[in-house]
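Now, the feature entries from TrEMBL:
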type     : residues : note
TRANSMEM : 16-34    : transmembrane segment
TRANSMEM : 54-74    : transmembrane segment
TRANSMEM : 86-103   : transmembrane segment
TRANSMEM : 109-133  : transmembrane segment
TRANSMEM : 154-171  : transmembrane segment
TRANSMEM : 198-215  : transmembrane segment
TRANSMEM : 246-271  : transmembrane segment
TRANSMEM : 283-303  : transmembrane segment
TRANSMEM : 312-330  : transmembrane segment
TRANSMEM : 336-357  : transmembrane segment
TRANSMEM : 369-387  : transmembrane segment
TRANSMEM : 407-434  : transmembrane segment
Amino acid sequence: MNITSSPTKKTDSKKISIAIIAGMFFILGFVTWVNGALIPFMKAINELSDQQSYLVASASYISFVLMALPSSYILKRIGYCKGMSLGLLIMGLGALVFIPAAGVRTYSYFLIGIFIQGAGMTLLQTAVNPYITILGPIESAAKRIAIMGISNKVAGALGSLIFGALLLSGIEATEQRLSVVSDEEKNLLLDQMADSVVLPYIIMAICLFIGAFLIRKAPLPELQVESTPEETTTVTKSSIFQYPHLFLGVITLFVYIGIEVIAGDSIIAYGLAMGFPASQAKYFASFTLLTMVACYGLGIFLVPKYVKQRDALVGSGVLGIVLSICIISTQGLTSILLVAALGMANAMVWPAIWPLALSDLGTHTKTGAALLVMGISGGAIIPPLYGKIVDVNKAELINQGVSASEAVGSAATSGYIILIPCYFIILFFAIWGYKFKSWSRKNY
């Protein structure tokens, strides 16, 4: 007697899978957005410039360039589920590196720990993004990814708040003391500050190890991308390089991640530069993430029933350009809130790029996903460029006789000009780039 699964059981199984993957996105969001609090903290304990402090983001995101293709190979060998578990284990090991790094208070050691965590996140990202994309119809992929985005950004808001409270409490008073004490007392204070990062990262490592164990035991089906309906109905080309829309998608994702990291990771430092105390500034990153969550909710309701994935991407590009111009045209709390509002422009970019860039790849889907994950390295390149603009403009303003406090705020504002060309690239992909399915003009 043959027993077949009922539609209800299949639906329940899919819901369980979506919930588990949402948990993976929660972990990714928490670990990623801790950087918003970590950047000003590292700047303080290691006495860094703005550009140097944004190497925190670079160390995390550069791993996506180095590890994306190896991650694709690993997933082909061990599958998605074991790959997710391994990714969590690697992230936990990276968290443990913070213990010796804090002991010697050496910035490069912290960066190594962040890089190792980034390597684990690369493997996890390479698994969960195509997994959720092919878990249902491609037309509703943006909706599913938007659900993942809510989980990711809620976790990011929590991570930013928790680590902001743990690492930034009393940082202004400590910095004032550092300016008047002897070198010996200064080093002692900085060592004490560095030690405060140890316990949070031990707890993080334990949670990641537990997550790695649980995902191995979870009822998560091992999807075979090569045999999905999309691929069996697609004429697969001989090389991944025959899909220009994929590479335009990688470039678009590259600039998008850069501006998302700037919006989330710079806003606390921006608030401090504007004169807000750390007790208030620590909440600013959460504002950005919560605006993203609100727009993810809209995306779940609107896409694809009322709004196409591509149209959502067009709207994101236009809104981002408008908000960026407004940011550099204002000052103070208004400008800070406009940075937070970038979450509205950013929310639907990631969910829309993935299905548009992966469409019609056939058996090249896993490799295409790995290339898209490499695009996440934009978070390693663009934020330090923002920091460099801030440093250069600050030095010029001080040379012109502007007070240091005013120069810091004005320079931080002007740095956001880097966002404008990035949003234009997103707009280009949304209007034209996704159509380029062949290098031959007649096939556009």
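Cβ atoms are placed via backbone N, Cα and C, with glycine included.
Predicted automatically and left uncurated, TrEMBL annotations should be read as such.
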Discussion item. Using Cβ atoms and a strict cutoff of less than 8 Å, what residues sit near the transmembrane segment (336-357) while being 6 or more residues removed from its termini?
Written reply: 129, 133, 138, 141-143, 145-146, 149, 153, 245-246, 248-250, 252-253, 256, 259-260, 263, 266-267, 270-271, 274, 276, 284, 287-296, 298-299, 303, 309-310, 312-313, 315-317, 319-320, 323-324, 326-327, 330, 368, 372, 416, 419, 423, 426, 429-430, 434
Worksheet item: For the transmembrane segment (369-387) and the transmembrane segment (312-330), does the number of C-beta pairs under 8 Å, pairs 6 or more apart in sequence, reach 3 or more?
Response: no
Worksheet item: Per the definition of 3+ C-beta pairs under 8 A with sequence separation of 6 or more, do the transmembrane segment (154-171) and the transmembrane segment (54-74) touch?
Response: no
Discussion item. Taking contact to mean 3 or more CB pairs closer than 8 A (sequence separation of 6 or more), are the transmembrane segment (246-271) and the transmembrane segment (283-303) in contact?
Written reply: yes
Worksheet item: By Cβ distance under 8 Å, which residues at least 6 away from the ends of the transmembrane segment (407-434) in the same chain are close to it?
Response: 245, 248-249, 251-252, 255-256, 258-259, 262, 266, 269-270, 273-275, 310, 313-314, 316-318, 320-321, 324-325, 327-328, 330-331, 335, 339, 342, 345, 349, 352-353, 356-357, 359, 382, 385-387, 389-394, 397-398
